[in-house]
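Chemist: Before I ask anything, here is the structure I am working with.
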Amino acid sequence: MTVQIYSSMRSENAWSLALRRLWRDPVGRISLGVVVFYLVLVGLVLMGWLGTHWNDPVAVNYAPPTWYATAANRVTLPAEEAWDRTQVIPLYGWTDPLEPIWSEARAAAQRIQPEPVSYRLTLPLGADKWGRDVGQKVLKGTQTSVWVGLVAAFVATFIGTVLGALAGYYGRGVDDLLNGFYGVLTSIPYLLLVFAVAAVFQQKGVGTLILILGLTGWTGVFRLVRAEYLKHRTREYVLAAGALGASHGRRVWVHILPNVSHVVLVQFSQNLVGFIKSEVILSFLGFGVPVSSVSWGSMLNEAQNELILGKWWQLVVTTVAMAIFVTALSLLTDALRDALDPRLNS
Amino acid sequence: MRPQPLLEVRDLEVAFRRTGDSPLVVVRGVDFTVPPCSTVALVGESGSGKSVTALSILRLLPESHAHIHERSRILWEGRNLLEFSSQAMGALRRRSLGMIFQDPQGALNPVFTIGMQLGESVRRAEGIGSARQVRQRSLELLAQVGIANPAARLSAYPHQLSGGQQQRVMIAMAISTHPQLLIADEPTTALDVTVQRQIMTLLRELQRELSMAILFITHDLALVGEIAEEVVVMRQGRVVEQGRCSEVLVAPRHGYTRALLTCRPTLGNLPARLPMIDDQGDLTPARASSGPRSSGPLPVVLEVEGVSKSFVVQGAGWRRSRFQALEPLGFTLQAGRTLGVVGESGSGKSTLARMVAGILVPDTGQIHFPGRGAPGRSGRATQVQMVFQNPFASLNPRFTVAQLLTEPLMLQGVGTGARERVELAVRWLERVGLNERALNRYPHEFSGGQRQRIAIARCLTVNPRVLICDESVSALDVSVQAQVLNLLRDLQDELNLSLLFISHDLAVVRFMADEILVLYAGQVVERGKAEEVYARPRHPYTQQLLKAVPQGIPLSAQGEE
């Protein structure tokens with residue numbers, strides 16, 4: 001009987017209250033919508049339903065962006081002439097050491113009948129230097145950047161929360177040790193630290209990028225979570241839990257953590273914004289994703305050369321995609337902080 | 001003919017706007033007048049609208065949230081305050097109104113010296129600019145509010161003063177403007193009894209000296225008699241009774257006023273159960289004592305021997321000093337008895353409670369719980385539990401009541417499954433006067449009294465033999481306090497609980513305790529049977545404490561003493 005009641009009547013908890021407050025705030029509602037839209041896009045790209053053809057040359061070089069494409073919007077380039085090497089270079093009696101390879105290549109070239117390729121003259125969002133669709137690229141790039149940001153923010157928040165909780169709750173030696181570590185890490189200029197970690201990994205890739213950002217970005221979370229734990233560990237509800245026989249671990253993770261989770265969440269979203277921008281900066285500087293991949297940063301890196309030639313569209317598309325997401329995320333972070341602030345409970 | 005009143009509040013109605021909800025009316029139809037040079041007390045429990053009324057007079061309510069009804073009028077010497085321009089209102093606040101608050105520490109800016117803060121209000125009030133004149137006037141004011149060595153205090157920072165001195169500085173700032181009306185919002189609630197007595201005396205003297213009127217806001221009807229000529233009793237936003245103190249306090253007409261007067265334990269009157277106010281404001285009568293409780297030899301459940309504690313105080317730079325919070329002390333507690341520990345802030349009473357509860361480790365001495373097995377860390381939890389002062393802070397806000405109550409059961413291995421533990425939790429909830437509907441709700445959905453009941457139920461789930469109540473009823477309204485005190489008495493009789501009852505409120509301790517321990521600055525100054533200590537206090541500090549307890553005697557009656 002009681003157990004039935006226990007499961008059927010759920011009262012409104014702090015999280016659903018906060019969500020309701022977030023929803024009441026128009027800025028929160030809109031920014032949440034935008035962020036969810038991006039996350040859905042990222043999910044679709046990850047599943048392979050969108051943006052899979054970003055690396056295919058589908059248009060002529062630097063095809064300009066147009067929204068009304070006519071049927072004649074294609075050019076069929078003649079098939080490239082079959083590669084033939086009739087000309088014989090005089091070898092003055094020597095045999096060509098590459099002759100077996102050449103003959104193999106010739107045979108292969110004859111087997112392939114190059115078909116005429118049709119290229120688009122314009123694309124809705126234009127094409128890059130190699131005729132790749134900027135629309136496809138930006139989808140894939142969004143996925144890379146947001147994914148890197150999300151995972152790195154998760155790693156950083158996790159490290160920061162665990163260390164901050166331990167430092168703040170246990171204090172004394174643990175706190176001194178972790179604070180010293182924090183002090184050393186934050187005394188190194190950020191970009192220098194990032195480059196140093198990148199140099200250690202000696203490998204370009206999404207995984208490396210995540211590790212770099214995650215391992216260097218936890219300090220802010222650490223500081224705030226530590227402060228919250230310092231404040232909460234002497235609160236009466238924690239003392240009461242101790243008097244009731246709850247272990248230290250239980251007090252740290254079961255009792256206090258839910259009460260500081262709003263700080264963690266806000267830090268997570270702030271880190272997300274910061275890491276997405278860091279990814280862009282790193283890729284722009286050449287420390288980011290490899291050429292086999294595309295991200296907002298690598299697109300902006302390409303765009304700087306294109307801009308000199310007057311090809312503005314890749315820059316604009318990337319910037320707009322990034323600006324909308326980052327702005328929405330920042331606004332959402334603010335709205336979240338307001339919604340989760342226990343002092344504003346009314 | 002009566003003189004024109006200084007302040008007239010006519011049909012005041014204040015509503016708070018709520019997003020997505022109809023406005024909440026917090027004050028309705030409040031009428032009262034403050035004649036010049038007199039003291040009117042506004043009395044009520046939390047939520048009665050007394051502070052909102054005071055803030056409406058000062059027009060300090062945020063206009064974006066609070067709406068004062070168009071028909072309400074607040075007349076200052078016959079002119080409606082609510083129609084003043086903000087400049088005119090500012091001038092009035094500067095010249096004719098003074099205000100002091102409950103928490104002087106919060107009202108003083110911690111980074112400026114007393115001299116700078118007092119000087120600022122002096123400069124604004126007097127329109128004098130020369131530093132020497134300002135200093136002169138500041139010194140006068142400090143002397144007037146009874147601060148010793150005012151010249152040295154001018155360069156002190158707020159944290160270097162005690163709570164009572166801070167409140168005196170606040171009063172000095174308030175009277176620097178020569179106000180005609182001083183609004184005092186619970187000015188002594190955060191202070192110790194003896195300091196409260198001093199501040200009350202000071203306010204009374206200042207009123208006579210400066211011939212100003214005082215609007216005194218308090219929850220404590222006993223205090224009203226000490227200062228006010230007229231009293232307005234408020235409940236849930238309405239005035240339930242008003243009149244001259246000598247009449248209202250002696251022969252209250254309304255049941256609620258009567259309840260407020262009687263449901264607070266007093267030093268003289270000792271029923272077995274206090275009278276309680278129900279939701280309609282009616283009074284459940286007190287139950288008479290059911291004869292003295294058995295006083296034969298009882299088993300000892302708690303033995304404290306030579307326990308002391310000191311804390312490290314961080315000084316400037318690397319300097320550290322030790323502060324002795326509690327000198328070695330010892331006592332024993334018998335089954336089913338109550339030991340009352342009385343002391344003012346800083347006396348070490350909470351340190352004692354926390355050491356017995358196992359939250360702090362004593363520097364010296366031992367705490368035994370004879371009778372059951374060796375008290376390990378979690379073993380102690382089944383021997384002793386603690387009810388904290390603030391029920392808003394002692395319950396984890398992210399836990400449901402079911403989680404709160406089943407957690408200790410789980411930790412102590414009581415009950416075999418979630419279902420059984422929930423059933424046990426329901427039993428305890430019902431025992432403290434709540435029911436199973438509370439299970440899935442969060443602490444913030446309950447009132448202070450209900451939360452304290454939940455906290456008590458949580459302690460009892462593990463069947464402790466000793467329950468520590470550290471100021472457990474101090475944060476509660478008088479009527480709720482009576483309910484919780486009665487509940488504790490009932491539970492004690494039923495479960496043969498021993499109580500370590502700690503409070504600064506001597507009347508409450510008198511009501512609960514069989515024996516008394518008086519602490520002063522970490523030392524036991526007096527101990528003994530409750531009746532004897534209260535009847536014949538030997539130590540001067542105890543005598544002083546007892547004298548400071550407000551008796552609720554109207555001024556007129558006091559004058560005849």
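The chain as shown is numbered from 1 upward.
In case you wondered, yes, glycine gets a Cβ from its N, Cα and C as well.
Any TrEMBL annotation is an automated prediction that lacks curation.
Predicted, not measured: the structure shown is a model, and the values here were computed from it.
Okay, so TrEMBL annotates it like this:
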- A:30-50: transmembrane segment (TRANSMEM)
- A:142-333: domain 'ABC transmembrane type-1' (DOMAIN)
- A:146-169: transmembrane segment (TRANSMEM)
- A:181-201: transmembrane segment (TRANSMEM)
- A:207-225: transmembrane segment (TRANSMEM)
- A:280-300: transmembrane segment (TRANSMEM)
- A:312-333: transmembrane segment (TRANSMEM)
Chemist: Could you tell me whether the transmembrane segment (A:181-201) and the transmembrane segment (A:280-300) are in contact, taking contact to mean 3+ Cβ pairs under 8 Å with a sequence separation of 6 or more?
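Modeler: These two stretches do touch.
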Chemist: Using Cβ atoms and a strict cutoff of less than 8 Å, what residues sit near the transmembrane segment (A:312-333) while being 6 or more residues removed from its termini?
Modeler: 27-28, 30-32, 34-35, 38, 64-65, 125-126, 128, 134-135, 137-138, 141-142, 145-146, 266, 269-270, 272-273, 276-277, 280, 296, 299-300, 302-304, 306
Chemist: Could you tell me what the rest of the chain brings near the transmembrane segment (A:181-201), counting residues at least six beyond its ends with Cβ under 8 Å?
Modeler: 208, 211-213, 215-216, 219, 222-223, 278, 281-282, 287
Chemist: So which residues does the transmembrane segment (A:30-50) touch in its own chain, when a touch means Cβ under 8 Å and the partner is 6 or more beyond its ends?
Modeler: 22-23, 139-140, 142-143, 146-147, 324-325, 327-329, 331-332, 335
Chemist: Please report, as numbers and ranges, the same-chain residues at least 6 past the borders of the transmembrane segment (A:207-225) whose CB is under 8 Å from any CB of it.
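Modeler: Distant contacts of the transmembrane segment (A:207-225): 148-149, 151-161, 163-165, 167-168, 178, 182, 185-186, 190, 193-194, 197-198, 201, 260, 263-264, 267-268, 270-271, 274-275, 278-279, 282, 288-289.
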Chemist: Near the transmembrane segment (A:146-169), which residues from the same chain, at least 6 beyond its ends, have a CB less than 8 A from one of its CBs?
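Modeler: Result: 38-39, 42, 46, 175, 178-179, 206, 209-230, 232-233, 248, 251-253, 256-257, 264, 267-269, 271-273, 275-276, 279, 289, 295, 325.
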